Each structure stands twice: as C-alpha cells, then as structure tokens.
Amino acid sequence: MSEHEYLPSPSPEEDWGDTDREWVVDGVVGESIDAFGQKRYEVKWGEGWNRNDGTNTTWEHPREDLEELIHKWERKQTAKRMEKAKASPAIAINVEDWHMLHENRTIERARGYEELKKLYIRGDPRQPIDFDGQLKRLKPVRNNSHTASKTLTSRSVSVAQSSREASREKSKTPGSVASSSGPSQRPIKPLPKRSFRRLPSSSPAPDSEEEKETGRRAPPRETKRRRALEKKWAESLNGAAPVTFVNDISYEEVPPLVPDFQYLERRYVRADGVSSAEHRREFLLSCECERRCLDADDCECQKPSGLQTDDGHGIFAYNKKKLFNFKLPLGMGLEVIECNENCTCDERCHNRVAQLPRDVPIEIFLTQTHGWGARATVPVPRGKVIGVYTGTREVAEQRHALGDGRKSYIFDLDVHEGDDDDDEDESAGRYSVDGYAHGNWTRFVNHSCEPNMRVVPVVWDTIPELKQPFLAFVATEDIPPRTELTIDYDPNAALEAQKSNGKRPRTRPEGARECMCNTDSCRGWIRV
C-alpha cells in the first residue's frame, strides 16, 4: 500500500471574481487539525467577497502572508484554554453525535487537553500501559487448586505450610536458626515485593519499580528533529554558549523556521545593494594600549565616541567587569565603540564585550500565550551583554515591500536617523537587519512594555559613518534563571507614554498590532 494513498483531497478552487483585485483578510476565526497532524485555519475575508450562499470564509494552510494573523489567533486561543484549564482539571471525554473520526485532534485541542496535561500531569500520558510488565512485577501466586471451596483440605494446608517454611528458609541470615511453629489454620499468600499507591496523577510513586520501568520504556522528550537542529546550530556558534530548545506545552518539536534558515551567531550576511565594510577597516582608528585599556582619553579608537562625562572627559561604555554602565544616552544618535582588530589590547580589555563569544546559555522555549520565546539558563546580572541581533543586512527602504509577518523581524540600524533634516531621501544610505531567513536566537525575543533588556548599537568592525552597527541586547536588571528575555519593540512609544502620563491611545495607531504582554504598564499596541 502506498503511504500516500489516504492523503486528504485538495479544497475546491474558489471563484475570486476580478483576478486583479486584492481582497482584504479580516482575521482567523477557526482552526482544524487533520488525522495527519496538519493544521488549517479558517480565514474570514473582509467586505466585498462572499460566495453565493453568503459565506465568506476559506480554509488555508499556514503561509507567510497569514503569519501575523495566525500568531495572534494562536496566542488568544492558548490563553483561553489555559484559563479554562486553571479553573478546573475536568475534561469532557464523551463523543458527540456530530463528531467525525478525522476531527479527533481538533476536538482534543479545543477541549484543552495539552493545557490540562501541562498543569496537572507529569510525564507523557500518551504512553501505553504495560499491563504484562506490571503483572510480572507484582508476581501473583498461582492457584493450582481446581476447586473454590472455603474448606481447606489437608493438601492445601500442607502446601501452605511448606510455602511458609520455604519462605523462612530463604530469609534466614547465616548462623541463624529458624523457629518452629505449628501448622497454619489457613494458607498464607506471599505478598508482592512492593505495594503501589495510586497517585492522583499518571506518574508512578517516586523511586518505585514502576517508575524505573516507565523511565526505561518512555522515549526521551527531545526528538530527533530537535536534536538535529541543535546540532546544526551548534556548528555555527563559533565558541558561544549552547542554544537548546524546550517545549513543555505541546508536541511541537522546534519553532517554525523558513526552509534553509541559516544560523548567524555574531555576523551579518549582505543583501544585494549593500556595500561591504571590509575595505573600510584600514580606516579604523586604533589604540596602542598594552593588554587592557584604562583611560578612554588615551585610546585613539575612542576619538569618534561622543560618550563623555559632564566635564568633557571620555569614558568607556563598560565597567571593569565588562558590564554596560548605562551612561550612553537614549535617542542621541550615539553608538558604543569597542576596540577593534587594529588595536593592540587583547580580549581581556574591558572595552571588548559584544564582539566576544556569548557566554550565556540560551533556551528557546514555547510560552503559554505568545509563541516561542528565549531565556537564559543562568542568572544574568544587570548590564550584561547577552548577545547581538543578526540577520540579512539590507537597504532600509526594502522593508516597506515586506508583509507584516516579516516586519516584526526587522531592526533599523541607523541610530543617526533624523540628524540631517536636509536629507531629501530619508532612506538614502540607511540600513536594516532582517532576522527572518538568517539570524540567531535573538529573533525569538518577544516584546514587553516592561522589558528586562535594552537594545544598544555597538561597532567594532566598521566605522560609525557607515551606519552598520551591531545591535546588542543588554540586561537592564538582574534576571533570574529561566526568566523570559524581552525587549521593547517600540522604545519611542515608551517615551511618548511617559510624556502622556501612561495614557493609552484610544484608537489603534497606524501600522500597530495588539500587544499581548499583559504587564501593568502595557500600552495596548505595538508599532512594527
């Protein structure tokens, strides 16, 4: 039998009328999971298109132009199911008259099975019960009697006594003498080696034989696909700490990525039309400090830096522990200028930080309400540079042609934007970095209106005038292990909110989407 014999048939082709007209999608209103585990989403179309029967929804497979709408739908539905699961551990198991066999997975998801399992069940409840193994471990006594009479025969008494005496012989310690006793009035059934308590969850009793046997039977949580992706990314870490994947909520093995996604730990790839900075490195100013730089005023490489004290003395952006000192003002068009390859100081210099391999291990994990996120597995002190955002370095104006699903992966690199009011073309000579098809773990960092990281522009392999810095993610507070790492996608909106005393806009700003951070100071919208 061919493995493709029972693949679902394609949906009938829709009549969209005018082929040159673009129809607006109103949103995702439903979802379905078939017997093969493939998801489809019910998409509602805006005004202007409907069938003859008045319906205006179609079933669509995930694709790039629907990514943002699907992400919003998934967040809301997951939050609803989790809220329901927290309210009660009960789950309906009845089969309604209208249930079809191929709808089992859809119904299971709608009833919140995964959320209930996450909250109330340890282990993997889908594993089959090994009844034969349990019976073997319990070692029941074989009854060779062919009658069930309550009256004991001399044969049964003899067998019971022999069994009891044999048991005592086995339990004697060397040098001990077994005590003699009279014949028993009834047969004694040997007890199993260990009795089992019934726990409210599906997990066996701690340290029990059942738990050990279950541990041998159950497959490891990490799957082949997950291990393969971790191994592939590890080959591109260039000495950085590991990046691993964790999913304790669903059976999704790895985050959704475009085919042939390329991991870039600490570098960019150039898009067409972006000049290389290689030939400009000879123009990098360099210092001649021995081993470590001590005074920014004495470092030639710091001459372009505008980071100074109130009395005009130059200062570094990091302290002696290589932690960011937060003396770089926001919105002033300044970058952190680190020592470069032409400087004579070595890696111990406290002005070499973002350029060095990341030493914070990262977990990419599935959150409860907003897709995949990132967190550190170790404590992170305030001021720690955790990593840099990477991807495809491209001309900034190209981002306008991308869909909303792509724009959330794009950062503008020009921190000097707005300095030259006479520039007729605002996009001229300005660049962005796109982490959609190339990038690293930072592409999974989610937004929060109360973030625990800040984005800081840093240069070390190019001159600031090229407007192609790296964007370093810096901890703004002490972050405990396995706390989600977040940034503010729209820091300018945070400044606007401060000026308006935290009042939220009544209407949705242009180009904004709903914020799901649920923090006390949530602004309600994110502009991307």
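Even glycines carry a Cβ here, placed using N, Cα and C.
Any TrEMBL annotation is an automated prediction that lacks curation.
Quantities reported herein were computed from a predicted structural model and do not represent experimental measurements.
Record note: among 1-21, 43-63, 1-21 is the stretch given as region 'Disordered' by TrEMBL.
Broken down by DSSP into helix, strand and coil, the domain 'Pre-SET' (285-357) contains 6 helix, 8 strand, 59 coil.
Summarising model confidence by region, the domain 'Pre-SET' (285-357) averages a pLDDT of 91.
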